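Listed in TrEMBL:
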{"type": "TRANSMEM", "residues": "6-35", "note": "transmembrane segment"}
{"type": "TRANSMEM", "residues": "55-74", "note": "transmembrane segment"}
{"type": "TRANSMEM", "residues": "80-97", "note": "transmembrane segment"}
{"type": "TRANSMEM", "residues": "109-130", "note": "transmembrane segment"}
{"type": "TRANSMEM", "residues": "136-156", "note": "transmembrane segment"}
{"type": "TRANSMEM", "residues": "177-197", "note": "transmembrane segment"}
{"type": "TRANSMEM", "residues": "203-221", "note": "transmembrane segment"}
{"type": "TRANSMEM", "residues": "248-266", "note": "transmembrane segment"}
Amino acid sequence: MRTRAITGILFVIIMLASLLNGPYIFTAFLGLLGFLCLNEFYNLVKTPQIIPNRVAGLIGGLCIFAGNTLHYILNIDPKFLLISIPVLLSIFIAELYKKSETPFNNIAYTCLGFIFSISPFCFLFALAFITGHFDHHFPLGFLLLLWSNDTGAYVVGLKFGRTKLFERHSPKKTWEGFIGGLLFTMFISWVISLYFTDITWKQWMSVAVLISCFGTMGDLIESMLKRNFNTKDSGTILPGHGGLLDRFDGLLLAAPAVFVYLYLISN
């Protein structure tokens, strides 16, 4: 528990420092996280029947992330993302030269890595530009609410958890923990609304509900993935936490859901 707490605190400090030091450091840090998460994903899914194209996948993932960030930072036309298409096509072409009995398994999991590991960080980065220029309020608020949901769900679930939420995929998650996380996240969103007044307190509350619901779903989906491959943790890079995917599973669905909501109410 002590190792878990120390690792968690240090990671939060580094994450917040990268965000508060401007778009370029934030870009570099998220790019590094995306790269490491994608590599971790390929390690997780690799089996004798599934051999993802790691090199093409990592290059393709970086191209997608770079296209996304350059569009926001330098106002480059989104067509810059087209550079990733030849890399993505190479994933299919490469399978023609391999003696794999399940080539489309390899292709599918190579591409699935982009959804699991790259797109969440693209949406998290895009949150900083909802207002048209770099502003740390929305990504910072998002991260604080995501962590609040995890903390509230863990503490309440540990103390009062009785009713299983989705036992087939995550035996430790309970409805009591989910409700506790939701209520705590809504409270923190109200506190955030006192300082970050870009949107109303009701809208911050809506963000909290989205994060609690979709963050939990993302967590369950990652648990489903790990159970599919009979793995407890996605990696070992974070002592006491497992892998980076274990730490960022809530981003998977919560980041795009919150981005869409904020984009719609801001435009």
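Any Cβ shown, glycine's included, is placed from N, Cα and C.
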Return the stretch with the most CB pairs under 8 A relative to the transmembrane segment (203-221), choosing among 80-97, 109-130, 177-197, 248-266.
248-266
Quick one: find which recorded stretch in 80-97, 109-130, 136-156, 177-197 has the most Cβ pairs under 8 Å with the transmembrane segment (248-266).
109-130
So if I exclude everything within five residues of the ends of the transmembrane segment (109-130), which remaining residues of that chain have a CB under 8 angstroms from its CBs? That is, six or more out.
19, 23, 26-27, 30-31, 33-34, 37-38, 40-42, 45, 50, 52-53, 56-57, 60-61, 64-65, 68-69, 72, 88, 91, 136, 138-139, 142, 222, 225, 245, 248, 251-252, 255-256, 258-259, 262-263, 266
